[in-house]
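K.L.:
Feature list, courtesy of TrEMBL:
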- 1-11: compositional bias 'Pro residues' (COMPBIAS)
- 30-167: domain 'Phosphomannose isomerase type I catalytic' (DOMAIN)
- GLN126, HIS128, GLU153, HIS291: Zn(2+) binding site (BINDING)
- 188-271: domain 'Phosphomannose isomerase type I helical insertion' (DOMAIN)
- ARG310: active site (ACT_SITE)
- 349-391: domain 'Phosphomannose isomerase type I C-terminal' (DOMAIN)
Amino acid sequence: MEDPPALPLPEPESEPDPDPEASPAPPQRLLRLRCAVQHYEWGQRGAASLVARLADQNPDPARPYAELWMGTHPSAPSTLLDDGTLLSDWLARNPDALGPAVAARWGVDLPFLFKVLSVAKALSIQAHPDKKLAEVLHALRPSTYKDDNHKPEMAIAITEFRALCGFAGIEELKDVLRAFPEIEGLVGHEDTGKLMNMKEDDGVSEVKSSLQSAFAKLMTASKDMVSEAVAKLISRLNTKSKIRTLTDKEQLVLSLERQYQDDVGVIAALFFNYVKLSPGEALYIGANEPHAYLSGECIECMATSDNVVRAGLTPKYRDVQTLCSMLTYKQGFPEILRGVPVQPHVRRYTPPFNEFEVDWCLVPPGGLVVISPVPGPSIFLVITGEGEIQLDFMSDGEKAEEGDVFFVPAYTEVKISACGPESVQLYRAGVNSRFFS
């Protein structure tokens, strides 16, 4: 009798395909960060500096505390508070904490750098290169230009905050040339005449050419010519101050000259918009735009870079030729952001850059704010108050107080509660939400 035919073996059950929309499980851990302080000379000193109060319980009263860096940039990287591991190393081992879209676009690193600035003295007149120029500068002078990334940035005022940002409009620039004849002595009659003859309906390239030529001549004027022009200007303004109240820009010139004697930046500042931000107001600065922060304290967020091209108001290396050639020479007052409410007690500042956005949270005493999960990483900084922070995988909250900095992985809900008698004020930096839409 023949054997019956063999029955086919049942096929093993296949694993279901992973849902491409499913959120990967983030590492189950609240990471407290230890963040680096930069002691640049322009910083506020001792406990007068918010940076010092956030980072150091016993600040040196004679030492400047200029910037608090929160992120992975190698110039001042953050570490895990409990074991000293570099945040960048931890992210390399836990890429799910970044979320798939962020990791695919920027690799296993944070695309943003989060800072607090305490400014007592004007920073340099500077600009940050676009990505293409950053790559060239880094290859040519890596000791000066320390990475190959661009550096768009945004500053949110914590106190009254003053800055120079972008070239003033045509009519304001003409007013400056009339009010400050010392400029013509450095720029020359021909270039001054071209600026005075500019019209609002002139072509962009024509205006740019005239402005670039005049600005370059100013920035490359000899030290002796600059010193003489500044001395004449200061003498004239001191005399005028006895007769009438000086204008804002006249007062600005006197202030800058006290900080940087005989510096071309004292006169160059007159070419720019003089911006005064109230607490809660913000401005953003794109690549190749001139600016200088003058005074006050702010939250700053930017693409992860430390590339700065300087040309005035600084004892540091000046790359005048690069700065003058890289600027866009766009004119007009910068856009001022005031944040958009995204839920009770939370305002969002969204600049036109993919790498970052910032939320400002003000949790009232006894209140609770729930930050919904987002598909990218976040850094939280507590500025004032005392409360608790609880992530969705934690059974209990952990204490959160002034100066605490937390890294929160992608796809993690965050609850912030205020426990003390005052509101808890904190800021969250994350990848721009428009990047994920």
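Placement of Cβ uses the backbone N, Cα and C atoms for every residue, glycine included.
Unlike curated entries, TrEMBL annotations are predicted automatically.
Show me how these features fit into the shown structure, please.
P.N.:
Around the Cβ of HIS291 (Zn(2+) binding site), the same chain contributes ILE125, GLN126, ALA127, ALA163, LEU164, CYS165, GLY166, PHE272, ILE285, each under 8 angstroms and 6 or more positions distant in sequence.
Cβ neighbour count for ARG310 (active site): 22 (other Cβ atoms within 10 Å of its Cβ, all protein chains included).
Averaged across the domain 'Phosphomannose isomerase type I C-terminal' (349-391), pLDDT in this predicted model comes to 97.
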K.L.:
Can you tell me how far the Cα of GLU153 (Zn(2+) binding site) sits from the Cα of ARG310 (active site), in Å?
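P.N.:
Checking the Cα atoms of GLU153 (Zn(2+) binding site) and ARG310 (active site) gives a distance of 16 Å.
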K.L.:
Round to a whole number and give the Cα-to-Cα distance in Å for the pair ARG310 (active site) and HIS128 (Zn(2+) binding site).
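P.N.:
Taking the Cα atoms only, ARG310 (active site) lies 9 Å from HIS128 (Zn(2+) binding site).
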K.L.:
Other than GLN126, HIS128, GLU153, HIS291 themselves, what residues in this chain have Cβ atoms within 8 Å of the centroid of the Zn(2+) site's Cβ atoms?
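P.N.:
Apart from the listed residues, the neighbours are ALA127, LYS151, ILE285, GLU289, PRO290, VAL308.
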